[in-house]
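Taken straight from Swiss-Prot:
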{"type": "BINDING", "residues": "37, 38, 39, 40, 41, 42, 150, 193", "note": "ATP binding site"}
{"type": "REGION", "residues": "57-86", "note": "region 'NMP'"}
{"type": "BINDING", "residues": "63, 84, 85, 86, 111, 112, 113, 114, 154, 165", "note": "ribonucleoside 5'-phosphate binding site"}
{"type": "BINDING", "residues": "118", "note": "CMP binding site"}
{"type": "REGION", "residues": "149-157", "note": "region 'LID'"}
């Protein structure tokens, strides 16, 4: 099975991406990556509102599948309970199904791929390469400050687990960012700035995808 990794590189921000078909529809996929507390969720909501993208969170899709009580959901729940990593193919299948069901052709995929294996599997299985990767760059100190300061009732927002999550991000997700950076497909955002300023930077990147930017 051929990989799209060697497909001709295209300039990020252009609609012309190689082999990006979902059924009979050409699609635009943007991977959204950043450490815990980097502000990805807030900005994804802004992008959805202003640019007509569908926001897909791999974690949310897995949780929804577990909640559905399906056979697949039970299998996912058992794997998580046993501390095993859910196979990439399972997550990718959920992402594909959500993309098809949405009827849209522009997608933000948030928090995935988490590692190189995820990335390679996504490209091999879907034959879709991202138009670009939106990377929310933020120091560990700032992310820690934000996570400890917000009150979302998340049990995993204590200092030790925050540091563990950050370490996992650096070890697993940064190689994905480096891979796409070598292909000139990373749009880096200074996520330490105030939310409105961050969105100004985001808007400049997404301008070609505005509904009236034909």
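Don't overthink the numbers, they just go from 1 along the chain as shown.
In case you wondered, yes, glycine gets a Cβ from its N, Cα and C as well.
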Residue 41 (ATP binding site) versus binding-site residues 63, 85, 111, 113, 118 - nearest by Cα: 111
Max pairwise CA distance, angstrom, over record-listed ATP binders 37, 38, 39, 40, 41, 42, 150, 193: 17
Surrounding residues of the region 'NMP' (57-86) on its own chain - C-beta under 8 Å, 6+ positions past either end: 94-95, 98, 109-112, 114
Residue from 85, 111, 113, 118 whose C-alpha is spatially nearest that of residue 193 (ATP binding site), among the binding-site residues: 111
Candidates 85, 111, 113 (binding-site residues) - the one closest to residue 38 (ATP binding site) by CA: 111
Of the binding-site residues listed as 37, 39, 40, 42, 150, the one whose CA lies nearest the CA of residue 113 (ribonucleoside 5'-phosphate binding site): 40
Whole-number Å value for how far the residue listed as 'CMP binding site' lies from residue 37 (ATP binding site) (Cα to Cα): 22
Integer Å distance between the CA atoms belonging to residue 39 (ATP binding site) and residue 85 (ribonucleoside 5'-phosphate binding site): 25
Sequence-distant neighbours of residue 111 (ribonucleoside 5'-phosphate binding site) in its chain (C-beta under 8 A, six or more apart): 32, 33, 40, 57, 58, 59
Residue distribution over DSSP helix, strand and coil in the region 'NMP' (57-86): 22 helix, 1 strand, 7 coil
Proximal but sequence-remote residues of the same chain as the residue listed as 'CMP binding site' (Cβ under 8 Å, at least 6 apart): 88, 91, 112, 176
